[in-house]
Amino acid sequence: MSSTSEPAVASGSKISVSTQKDIELNRLKAKAKLRAQAESEGKIAPISPKKKTPNNKDSDAPLKRDSRLMGRYLDYDLSKMVNSKGGFLVEEKSNYDEETRRKEKERELQRLKQSFDPPVHIEKEKNPLCADCGSVDIDHQFKKVFRINVCNTCKNETPEKYSLLTKTECKQDYLLTDRRFSLTYSRPIGLTNTIAAELRDEEAMPHLLKANPHKSTWNNMMLFVRFQVEEFAFKKWGGPEGLDAEWERRMTEKRSKRSKKFEDGLKDLRRKTRESGWQNARQKSMFTPMVLLTQARAFRDVPSAVLRWR
């Protein structure tokens, strides 16, 4: 029995090679059929060759948008932007009105006109030369504003001639006027002498405009060349000796006015002191009978008190 059963078990447990190939082939066909059916229905996407990990599984997903941003971009109105001078924010309720902005732009245009440099000519003979050294590299701003041909080297080496003076220095040191005023004489009747502002005359005293360093909304700063100011002042006062004499006269007059004002104040103080003393004495003599009357009324002896006061 054992000899007959062993070959049957052995024959049942063994699979032939051809049968195994058929099984594997049928399995692959069924798998391919299922894949084709799933792709046709669109249930699955093609498998990405990239291996998904917990770190990169959401890397292809779009970023979350901020809920505070309503649109896809931020809209800025460039026409309403204001030059805030250095990046500082401008308050909404400020005094920076349209008139101030217009004046500031006008002053800036005036400065730009003066700072424009003309092109250099190819031929050297046609270019303006420096009056001191003959160089072609002149300062075109000085040439256009002050009508002076000078290069930057000569200008920096001779500050006693080409340095710039402010309007205040011209008024204080060289005694030049900034405002126009009129002098009216009594005889003959109707004779009036009008003196123009010397520092405002661009023909006689050309000046360079710069932005005011104290405040941008103020008027432009006026700068003058030193030797032009000296020539005009010496011509007006009759040389440096006349300028010094006029300066001494004004200083003496100023000191005399100051001393006179001090003396007047001192006299007024003395007068007030004397008046206050006299008023105090007068008030004392005037109020003495009133005190007596008050005492008399207290003792019911009014007539005797009145006679005693008289």
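Glycine is no exception: its Cβ is also placed from the backbone N, Cα and C atoms.
Since this is a predicted model, take the numbers as computed values, not measurements.
Look at TrEMBL and you will find 1-66 tagged as region 'Disordered'.
Residues or ranges marked as compositional bias 'Basic and acidic residues' by TrEMBL: 55-66.
Taken through DSSP, the domain 'XPA C-terminal' (161-179) splits into 9 helix, 3 strand, 7 coil. Residues or ranges marked as domain 'XPA C-terminal' in TrEMBL: 161-179 (among others).
Residues 85, 100, 103-104, 107-108, 110-111, 114, 141-142, 145-148, 159-167, 170-171, 174, 176-178, 180, 236 of the same chain lie 6 or more positions beyond the ends of the domain 'XPA C-terminal' (198-229) yet place their CB under 8 Å from a CB of it. Positions annotated as domain 'XPA C-terminal' by TrEMBL: 198-229 (among others).
Among residues of the same chain six or more beyond the domain 'XPA C-terminal' (161-179), those with a C-beta under 8 A of the stretch's C-beta atoms are 142, 148, 150, 154-155, 195, 197-200, 205, 207-208, 221-227, 229-230, 232-233, 236-237, 243, 246-247, 250.
Taking DSSP states H, G and I as helix and E and B as strand, the domain 'XPA C-terminal' (198-229) has 7 helix, 8 strand, 17 coil.
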